[in-house]
Amino acid sequence: MQPITQIPLTFDTVVNLLGSASGIGWILNYILMTYYSFRDKTYSMSMLPLCCNIAWEFVYGILCPSSTFVVRPVILSWLVLNCLVVYAAIKYSPNEWAHAPLVQRHLPLLFTVGIAACTGFHIALIRKFDPATAFLWSARSCQVLLSIGGLFQLLCRSSTKGGSYVLWLSRFLGSICGVLKMTLMWKYGESRFPWLDDPLTAYCIALWIISDVLYGVVFYSLRSKELAGAGKAKAI
(Lines of atoms letter the chains of each structure in order from A and count residues from 1; the text may use other names and numbers.)
(Lines give C-alpha, C1' and ligand atoms only; values in the text may rest on other atoms or scores of the structure.)
Protein backbone atom coordinates (compact mmCIF):
# COMPACT_ATOMS: atom_id res chain seq x y z
CA MET A 1 0.00 0.00 0.00
CA GLN A 2 1.28 3.48 -0.86
CA PRO A 3 2.35 5.47 2.24
CA ILE A 4 -0.03 8.30 2.99
CA THR A 5 2.84 10.81 3.05
CA GLN A 6 4.04 9.93 -0.45
CA ILE A 7 3.43 12.76 -2.91
CA PRO A 8 0.82 11.75 -5.52
CA LEU A 9 1.74 11.96 -9.18
CA THR A 10 -0.85 14.71 -9.65
CA PHE A 11 0.47 16.81 -6.76
CA ASP A 12 2.07 19.52 -8.91
CA THR A 13 -0.99 19.69 -11.15
CA VAL A 14 -3.39 20.11 -8.24
CA VAL A 15 -1.18 22.70 -6.54
CA ASN A 16 -0.84 24.70 -9.77
CA LEU A 17 -4.59 24.54 -10.41
CA LEU A 18 -5.37 25.74 -6.89
CA GLY A 19 -2.84 28.56 -7.24
CA SER A 20 -4.33 29.59 -10.58
CA ALA A 21 -7.87 29.46 -9.19
CA SER A 22 -6.82 31.66 -6.28
CA GLY A 23 -5.22 34.22 -8.59
CA ILE A 24 -8.19 34.27 -10.97
CA GLY A 25 -10.62 34.57 -8.07
CA TRP A 26 -8.89 37.70 -6.80
CA ILE A 27 -8.57 39.20 -10.29
CA LEU A 28 -12.32 38.74 -10.73
CA ASN A 29 -12.88 40.22 -7.27
CA TYR A 30 -10.95 43.40 -8.10
CA ILE A 31 -12.76 43.79 -11.43
CA LEU A 32 -16.14 43.39 -9.73
CA MET A 33 -15.22 45.77 -6.91
CA THR A 34 -14.38 48.43 -9.48
CA TYR A 35 -17.63 47.78 -11.36
CA TYR A 36 -19.88 47.90 -8.29
CA SER A 37 -18.08 50.93 -6.88
CA PHE A 38 -18.82 52.94 -10.03
CA ARG A 39 -22.32 51.50 -10.40
CA ASP A 40 -23.39 52.23 -6.82
CA LYS A 41 -21.16 55.31 -6.33
CA THR A 42 -19.53 53.90 -3.21
CA TYR A 43 -16.47 51.83 -2.29
CA SER A 44 -16.58 48.04 -2.00
CA MET A 45 -13.60 47.37 0.28
CA SER A 46 -13.29 49.12 3.64
CA MET A 47 -10.51 51.69 3.88
CA LEU A 48 -7.86 50.05 6.09
CA PRO A 49 -7.91 46.66 4.32
CA LEU A 50 -7.76 48.49 0.98
CA CYS A 51 -4.66 50.41 2.07
CA CYS A 52 -3.06 47.24 3.46
CA ASN A 53 -3.83 45.22 0.31
CA ILE A 54 -2.48 47.68 -2.25
CA ALA A 55 0.61 48.28 -0.10
CA TRP A 56 1.23 44.51 0.01
CA GLU A 57 0.93 44.27 -3.77
CA PHE A 58 3.28 47.23 -4.22
CA VAL A 59 5.91 45.78 -1.88
CA TYR A 60 5.83 42.22 -3.24
CA GLY A 61 5.15 43.14 -6.84
CA ILE A 62 7.73 45.93 -7.20
CA LEU A 63 9.99 46.53 -4.17
CA CYS A 64 10.63 42.91 -3.21
CA PRO A 65 9.22 40.79 -6.05
CA SER A 66 8.92 37.02 -5.93
CA SER A 67 11.39 35.04 -8.02
CA THR A 68 8.63 32.59 -8.94
CA PHE A 69 7.72 32.89 -12.61
CA VAL A 70 3.95 32.98 -12.07
CA VAL A 71 3.63 34.77 -8.72
CA ARG A 72 5.01 38.18 -9.69
CA PRO A 73 2.81 38.71 -12.79
CA VAL A 74 -0.26 37.74 -10.76
CA ILE A 75 0.61 40.20 -7.98
CA LEU A 76 1.31 42.95 -10.53
CA SER A 77 -2.07 42.31 -12.17
CA TRP A 78 -3.67 42.62 -8.73
CA LEU A 79 -1.81 45.88 -8.17
CA VAL A 80 -3.00 47.40 -11.45
CA LEU A 81 -6.61 46.40 -10.82
CA ASN A 82 -6.44 47.51 -7.20
CA CYS A 83 -5.35 50.97 -8.34
CA LEU A 84 -8.75 51.22 -10.04
CA VAL A 85 -10.42 50.12 -6.81
CA VAL A 86 -8.53 52.82 -4.88
CA TYR A 87 -9.44 55.44 -7.49
CA ALA A 88 -13.12 54.52 -7.20
CA ALA A 89 -12.85 54.59 -3.41
CA ILE A 90 -11.32 58.08 -3.39
CA LYS A 91 -13.90 59.29 -5.90
CA TYR A 92 -16.99 57.95 -4.15
CA SER A 93 -16.04 57.52 -0.48
CA PRO A 94 -17.19 61.10 0.36
CA ASN A 95 -20.74 59.82 -0.27
CA GLU A 96 -20.35 57.56 2.78
CA TRP A 97 -18.85 60.15 5.13
CA ALA A 98 -21.37 62.99 5.18
CA HIS A 99 -21.78 62.31 8.93
CA ALA A 100 -18.06 63.03 9.51
CA PRO A 101 -17.08 66.21 7.59
CA LEU A 102 -13.46 66.15 8.80
CA VAL A 103 -12.95 62.69 7.31
CA GLN A 104 -14.98 63.57 4.23
CA ARG A 105 -12.76 66.57 3.40
CA HIS A 106 -9.48 64.71 3.82
CA LEU A 107 -10.12 61.28 2.31
CA PRO A 108 -7.34 61.48 -0.36
CA LEU A 109 -4.87 62.39 2.40
CA LEU A 110 -6.14 59.59 4.63
CA PHE A 111 -5.75 57.04 1.84
CA THR A 112 -2.23 58.31 1.10
CA VAL A 113 -1.17 58.14 4.75
CA GLY A 114 -2.84 54.74 5.18
CA ILE A 115 -1.07 53.23 2.16
CA ALA A 116 2.28 54.69 3.26
CA ALA A 117 1.84 53.35 6.80
CA CYS A 118 0.89 49.87 5.56
CA THR A 119 3.83 49.87 3.13
CA GLY A 120 6.10 50.61 6.08
CA PHE A 121 4.52 47.73 8.02
CA HIS A 122 5.17 45.24 5.20
CA ILE A 123 8.77 46.45 4.80
CA ALA A 124 9.32 46.19 8.57
CA LEU A 125 8.19 42.55 8.46
CA ILE A 126 10.71 41.88 5.68
CA ARG A 127 13.46 43.47 7.79
CA LYS A 128 12.47 41.41 10.84
CA PHE A 129 12.04 38.10 9.00
CA ASP A 130 13.16 36.90 5.58
CA PRO A 131 11.10 38.05 2.55
CA ALA A 132 9.35 34.70 2.07
CA THR A 133 8.20 34.49 5.70
CA ALA A 134 7.17 38.16 5.70
CA PHE A 135 5.27 37.56 2.46
CA LEU A 136 3.05 34.97 4.13
CA TRP A 137 2.49 36.85 7.39
CA SER A 138 1.71 40.06 5.53
CA ALA A 139 -0.79 38.19 3.36
CA ARG A 140 -2.46 36.71 6.44
CA SER A 141 -2.70 40.16 8.01
CA CYS A 142 -4.32 41.53 4.84
CA GLN A 143 -6.76 38.63 4.68
CA VAL A 144 -7.89 38.99 8.30
CA LEU A 145 -8.28 42.77 7.95
CA LEU A 146 -10.21 42.39 4.70
CA SER A 147 -12.63 39.77 6.02
CA ILE A 148 -13.35 41.47 9.34
CA GLY A 149 -13.43 44.93 7.73
CA GLY A 150 -15.83 43.76 5.03
CA LEU A 151 -18.18 42.23 7.59
CA PHE A 152 -18.27 45.33 9.77
CA GLN A 153 -18.65 47.62 6.76
CA LEU A 154 -21.70 45.60 5.73
CA LEU A 155 -23.13 45.80 9.26
CA CYS A 156 -22.50 49.55 9.55
CA ARG A 157 -24.05 50.34 6.17
CA SER A 158 -26.97 47.95 6.65
CA SER A 159 -27.01 47.88 2.86
CA THR A 160 -25.65 45.62 0.12
CA LYS A 161 -24.64 48.50 -2.17
CA GLY A 162 -21.17 48.05 -3.56
CA GLY A 163 -21.43 44.28 -3.27
CA SER A 164 -22.93 41.12 -4.72
CA TYR A 165 -22.94 37.37 -4.16
CA VAL A 166 -20.44 36.90 -7.00
CA LEU A 167 -18.14 39.53 -5.49
CA TRP A 168 -18.24 37.78 -2.12
CA LEU A 169 -17.75 34.29 -3.59
CA SER A 170 -14.84 35.34 -5.83
CA ARG A 171 -12.98 36.57 -2.76
CA PHE A 172 -13.98 33.70 -0.50
CA LEU A 173 -13.30 30.89 -2.97
CA GLY A 174 -10.11 32.55 -4.20
CA SER A 175 -8.79 32.63 -0.65
CA ILE A 176 -9.99 29.08 0.08
CA CYS A 177 -8.07 27.80 -2.97
CA GLY A 178 -4.95 29.53 -1.66
CA VAL A 179 -5.39 27.87 1.74
CA LEU A 180 -5.92 24.45 0.14
CA LYS A 181 -2.76 24.90 -1.92
CA MET A 182 -0.68 25.76 1.14
CA THR A 183 -2.27 22.91 3.11
CA LEU A 184 -1.31 20.37 0.45
CA MET A 185 2.25 21.69 0.32
CA TRP A 186 2.48 21.53 4.12
CA LYS A 187 0.96 18.03 4.30
CA TYR A 188 3.43 16.57 1.82
CA GLY A 189 6.46 18.38 3.19
CA GLU A 190 6.82 20.74 0.25
CA SER A 191 6.62 23.91 2.38
CA ARG A 192 9.26 25.08 4.84
CA PHE A 193 6.79 27.36 6.59
CA PRO A 194 4.56 26.55 9.58
CA TRP A 195 0.94 26.14 8.65
CA LEU A 196 -1.88 24.38 10.49
CA ASP A 197 0.61 23.17 13.10
CA ASP A 198 1.18 26.83 14.06
CA PRO A 199 -1.51 28.18 16.47
CA LEU A 200 -1.37 31.76 15.16
CA THR A 201 -1.68 30.65 11.54
CA ALA A 202 -4.57 28.33 12.35
CA TYR A 203 -6.27 31.12 14.32
CA CYS A 204 -5.92 33.61 11.44
CA ILE A 205 -7.36 31.12 8.95
CA ALA A 206 -10.28 30.29 11.25
CA LEU A 207 -10.93 33.99 11.92
CA TRP A 208 -11.18 35.02 8.27
CA ILE A 209 -13.20 31.96 7.26
CA ILE A 210 -15.74 32.60 10.04
CA SER A 211 -15.87 36.32 9.13
CA ASP A 212 -16.39 35.56 5.43
CA VAL A 213 -19.11 32.99 6.12
CA LEU A 214 -20.87 35.49 8.41
CA TYR A 215 -20.53 38.09 5.64
CA GLY A 216 -22.48 35.79 3.32
CA VAL A 217 -25.19 35.25 5.95
CA VAL A 218 -25.55 38.98 6.68
CA PHE A 219 -25.48 39.84 2.97
CA TYR A 220 -28.29 37.35 2.31
CA SER A 221 -30.35 38.80 5.16
CA LEU A 222 -29.90 42.39 3.99
CA ARG A 223 -30.50 41.56 0.32
CA SER A 224 -33.71 39.69 1.21
CA LYS A 225 -35.00 42.72 3.12
CA GLU A 226 -34.05 45.04 0.25
CA LEU A 227 -35.86 42.88 -2.30
CA ALA A 228 -38.90 42.62 -0.04
CA GLY A 229 -38.93 46.40 0.38
CA ALA A 230 -38.63 46.91 -3.36
CA GLY A 231 -41.55 44.53 -3.91
CA LYS A 232 -43.74 46.45 -1.47
CA ALA A 233 -42.81 49.75 -3.12
CA LYS A 234 -43.86 48.40 -6.54
CA ALA A 235 -47.12 47.12 -5.09
CA ILE A 236 -47.91 50.59 -3.77
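First residue shown is number 1, and so on along the chain.
Note: Cβ is positioned from N, Cα and C throughout, glycine not excepted.
The annotation transmembrane segment is assigned in Swiss-Prot to 13-33 (among others) on the grounds of sequence analysis.
Swiss-Prot lists 45-65 (among others) with the feature transmembrane segment.
Per Swiss-Prot, the feature transmembrane segment maps to 70-90 (among others).
The transmembrane segment annotation in Swiss-Prot covers 106-126 (among others). Note on the transmembrane segment (106-126): residues 47-48, 50-52, 54-56, 58-60, 63-64, 86, 89-90, 93-94, 97, 134, 137-138, 141 of its chain, located 6 or more positions outside it, place their CB under 8 angstroms from a CB of the stretch.
Taken from Swiss-Prot, the feature transmembrane segment covers 135-155 (among others). Beyond its flanks by at least six residues, the transmembrane segment (135-155) meets 45-49, 52-53, 56, 59-60, 66, 121-122, 125, 129, 163, 171, 175, 193, 201, 204-205, 207-209, 211-212, 214-215, 218-219, 222 of its own chain at Cβ-Cβ distances under 8 Å.
Packing against the transmembrane segment (166-186) from elsewhere in the chain are residues 11, 14-15, 18-19, 21-26, 28-29, 32-33, 36, 44, 143, 146, 150, 193, 195-197, 205, 208-209, 212, 215-216, 219: each is 6 or more residues past its ends and has a CB under 8 Å from a CB in it. Annotation source Swiss-Prot lists transmembrane segment at 166-186 (among others), citing sequence analysis.
The annotation transmembrane segment is assigned in Swiss-Prot to 200-220 (among others) on the grounds of sequence analysis. If one looks beyond the transmembrane segment (200-220) by at least 6 residues along the same chain, the residues whose Cβ comes under 8 Å of a Cβ in the stretch are 140, 143-144, 146-148, 150-151, 154-155, 160, 163, 165, 168, 171-172, 175-176, 179, 194.
Note on the transmembrane segment (13-33): residues 44-45, 70, 74, 77-78, 81-82, 84-85, 88, 162, 164, 166-167, 170-171, 173-175, 177-178, 180-181, 184-185, 190 of its chain, located 6 or more positions outside it, place their CB under 8 angstroms from a CB of the stretch.
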